[in-house]
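Colleague: Feature table excerpt (Swiss-Prot):
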SIGNAL    1-21  signal peptide
DISULFID  Cys32-Cys59  disulfide bond
DISULFID  Cys34-Cys75  disulfide bond
Amino acid sequence: MRLSTATLLLLLASCLSPGHGILEAHYTNLKCRCSGVISTVVGLNIIDRIQVTPPGNGCPKTEVVIWTKMKKVICVNPRAKWLQRLLRHVQSKSLSSTPQAPVSKRRAA
């Protein structure tokens with residue numbers, strides 16, 4: 001009888017212990033899209049789409065995924081200087097090309 005009680009308590013304790021940190025410590029988290037990244041420059045003429053995914057949803061790192069026009073997926077190092085310049089350029093283009101909302105003039109009463 002004692003053996004089954006001890007086994008039951010051990011099973012209960014293992015169910016209540018946090019396991020989230022253990023998986024991240026051993027890098028066994030499979031929710032990241034990129035298993036490896038490159039830092040070499042990707043030609044602008046072959047880029048179809050860029051996606052930047054911040055840490056979260058089970059992946060502890062920022063990921064930058066580039067889809068080429070040939071439907072190839074490339075994971076790029078988010079700290080690569082050429083990529084940082086490209087993202088700043090794209091962001092400034094999108095901000096400058098956004099039309100401004102119309103402003104209605106009100107008369108003072």
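From the backbone N, Cα and C atoms, a Cβ is placed for every residue, glycine too.
Quick caveat, the model's predicted, so the values are computed rather than measured.
Describe the structural context of these features.
Modeller: Secondary structure at Cys59 (disulfide bond), as computed by DSSP, is strand.
Secondary structure from DSSP puts Cys34 (disulfide bond) in coil.
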Colleague: Just to verify a number: CA distance, Cys32 (disulfide bond) to Cys75 (disulfide bond), in angstrom, no decimals.
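Modeller: It is 11 Å, counting Cα to Cα.
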Colleague: In whole Å, note down how far the CA of Cys59 (disulfide bond) lies from the CA of Cys34 (disulfide bond).
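Modeller: Pair distance, Cα basis, whole Å: 10 Å.
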